[in-house]
């Protein structure tokens, strides 16, 4: 039987939500009621599948804690008042911390003037952010298209490459095994996880995947495509595969790919949605090898953990295919004033506080600690790896990784797995994490592993 719409119910629910937004604290009964409501509404109106994925990190094995507010730059507080060191970072969006005051202030000030643009008049913050990114990014990257997410930035990059290369008879894209570029149709065609791809087959034609980090496989693919007339329009890859399990390529790999792209006339698209904005110890991970892409994709941390924003930055030669008709690829909310204000403030904080260098320093400290734990617990930990504040601990099997996340939750540290590698727990904290908090995270990991070893021995 069809359910009839109810304005009264919608009004009551929205009013209840607005009341919660205004609250700063909850009493015990309000907390319990909110937890029940959130679980019920996820089950009935969001997606019940999410509940199972959020289950069992708590001591009682029930559904995950309900998030309430940021505690400090580097912590979260749940509805029960428990504070957690955030080593997940919203999958890499909180590079400048939670509710960074500079970013929040910029957004609040812009909100007081105008939240969204008219679409007809020229919006100044979009122009200023594009100029800022042209100055910040490497090489000849000059023009920016703004959107709302990482997958949108990849979609724009693929369409831009198509528009540029189609007149040249080049239509093929090469991506890499283990890659994650998003889940919209074009980005999913470049993503290499069968779980995400199979339900939506057939995807876009013309995509091939080669092993990540294997430069000879890349050369072979480019050669074969040329021989068969399937000339390559672009190679798309992540400098470090984030969702693939924080997989680092061999030194010199990006440089070699750049040379191959030049040799075969293919564009180089670098997806720095997760590695960009200081995460790996440089503003952009490609700077570790001084590699200059033709198209660069950004998102996640670009909005400072306050507003969603993505960007696709390209050279003038490539981007000029949109000059005659700038409406070939647009989005209503892309480059809106609130998002641009957040991005400009985020860049300012990253540069003023030299957070990329801090990411390198504190990342080295954390990674040294995790590698020591790997030596102490070889029966549980296979490897610790990473660069800057993008790290991973890989366990000997999937279940151990899951148990580690649960034990870390008990130690009040939030971590999570990666989408393409279930054995791997990602460590991706804010770049603002303090030295003391780094020490606490290592201490918590040691306690978690010790508890897990006891459980294994008792079993």
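Backbone N, Cα and C define each Cβ position, glycine as well.
From a predicted model like this one, the values you see are computed outputs, not experimental measurements.
Lifted from Swiss-Prot, the feature list:
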- 150, 151, 274, 332: pyridoxal 5'-phosphate binding site (BINDING)
- 300: N6-(pyridoxal phosphate)lysine (MOD_RES)
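Locations of recorded Swiss-Prot features on the structure.
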| residue | record | contacts (Cβ under 8 Å, 6+ apart) |
| --- | --- | --- |
| 150 | pyridoxal 5'-phosphate binding site | 181, 182, 271, 273, 274, 297, 299, 300, 310 |
| 151 | pyridoxal 5'-phosphate binding site | 181, 182, 183, 184, 187 |
| 332 | pyridoxal 5'-phosphate binding site | 119 |
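As a whole number, the greatest separation of Cα atoms within the pyridoxal 5'-phosphate-binding residue list 150, 151, 274, 332 is 24 Å. Around residue 274 (pyridoxal 5'-phosphate binding site), a 10 Å sphere centred on its CB holds 28 further CB atoms from the protein chains shown. In the three-state DSSP classification, residue 332 (pyridoxal 5'-phosphate binding site) falls within coil.
DSSP assigns residue 300 (N6-(pyridoxal phosphate)lysine) to a helix. The residue listed as 'N6-(pyridoxal phosphate)lysine' has a Cβ environment of 28 other Cβ atoms inside 10 Å.
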